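Per TrEMBL, the features are as follows:
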type	residues	note
BINDING	Asn109, His114, Glu119	oxalate binding site
BINDING	His112, His114, Glu119, His158	Mn(2+) binding site
DISULFID	Cys35-Cys50	disulfide bond
DOMAIN	62-213	domain 'Cupin type-1'
SIGNAL	1-25	signal peptide
Amino acid sequence: MIKIMDSRCYGFFFALFSLTVVALAYDPDTLQDLCVADRTSGIKVNGFTCKPESNITASDFFFAGIGKPAVVNNTVGSAVTGANVEKIAGLNTLGVSLARIDYAPGGLNPPHTHPRATEVIFVLEGELDVGFITTANKLFAKTVKKGEVFVFPRGLIHYQKNNDKAKPASVISAFNSQLPGTQSIAATLFTATPAIPDHVLTTAFQIGTKEIEKIKSKFAPKKV
């Protein structure tokens, strides 16, 4: 009888744990109508503390920053304009956000991940080669055109490349997180602070220290 009860209890707690993990897999659900982010608060929580309701205005739910193309002036040829809780305080606790990505002719949004969200892109203009890599190292790649949609699963490395060397391109990205986070693979590895030891990078990439230093120099801030 004791063994049967132990087995049932184990099954119950395992099921409860599984449901808890699933519930915590995305941004937590809101428990009230509004929790507009108070970004000036010094209190640290998972997200942002709420403004007093008396201080909330319609402007807390508005952002005009993705209505026109961004200026692309970097070496990779792309610019990301976020429309997340850092720009729209009213997104706090709602679990969604947007971004606009603009690509110069031939521009690349380098391989990167979003640790807290799945991404869906909608092509506004142009044609892009896009893809993501699974944990089994399988590449899923496709060419997407104006009006088409592509999905990048949460946490997987992915990229977008404007394959037109004469015309710019742009997309709108949607995320199931108010702040999905971004880790660009190359920049993360070669510009970390403190720096990742060279011997770690030389072993990982099977190249010499001189090559590592050369790569790091490419990411160093430009001297004015």
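Just so it is clear, glycine is given a Cβ too, placed from its N, Cα and C backbone atoms.
Annotations in TrEMBL come from automatic prediction, not curation.
Since the structure is predicted, the reported quantities are computational estimates derived from the model, not experimental observations.
Known features from TrEMBL, placed on the structure.
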{"residue": "Cys35", "record": "disulfide bond", "CB count, 10 Å": "21"}
{"residue": "Cys50", "record": "disulfide bond", "CB count, 10 Å": "19"}
{"residue": "Asn109", "record": "oxalate binding site", "CB count, 10 Å": "25"}
{"residue": "His112", "record": "Mn(2+) binding site", "CB count, 10 Å": "19"}
{"residue": "His114", "record": "oxalate binding site", "CB count, 10 Å": "23"}
{"residue": "Glu119", "record": "oxalate binding site", "CB count, 10 Å": "23"}
{"residue": "His158", "record": "Mn(2+) binding site", "CB count, 10 Å": "23"}
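Among the recorded positions Cys35, Cys50, His158, the ones whose Cα sits within 10 Å of the Cα of His114 (oxalate binding site) are His158. Distances between the Cα of Cys50 (disulfide bond) and those of the binding-site residues Asn109, His112, Glu119, His158 are shortest for Glu119.
For the Mn(2+) site, the Cβ centre of His112, His114, Glu119, His158 serves as reference, and the other residues of the chain with Cβ at most 8 Å from it are Thr113, Phe132, Phe152, Leu156, Ile157, Pro180, Thr182. Take the mean position of the Cβ atoms of Asn109, His114, Glu119, the recorded oxalate site; other residues of that chain with a Cβ within 8 Å of it are Ala99, His112, Thr113, Ile121, Phe152, His158, Gln160, Ser173, Phe175, Pro180, Thr182. Each residue in the domain 'Cupin type-1' (62-213) has a pLDDT score, and their mean in this model is 97. In this structure the C-alpha atoms belonging to His112 (Mn(2+) binding site) and Cys35 (disulfide bond) are separated by 30 Å. Taking the C-alpha positions, the distance from Glu119 (oxalate binding site) to His158 (Mn(2+) binding site) comes to 10 Å.
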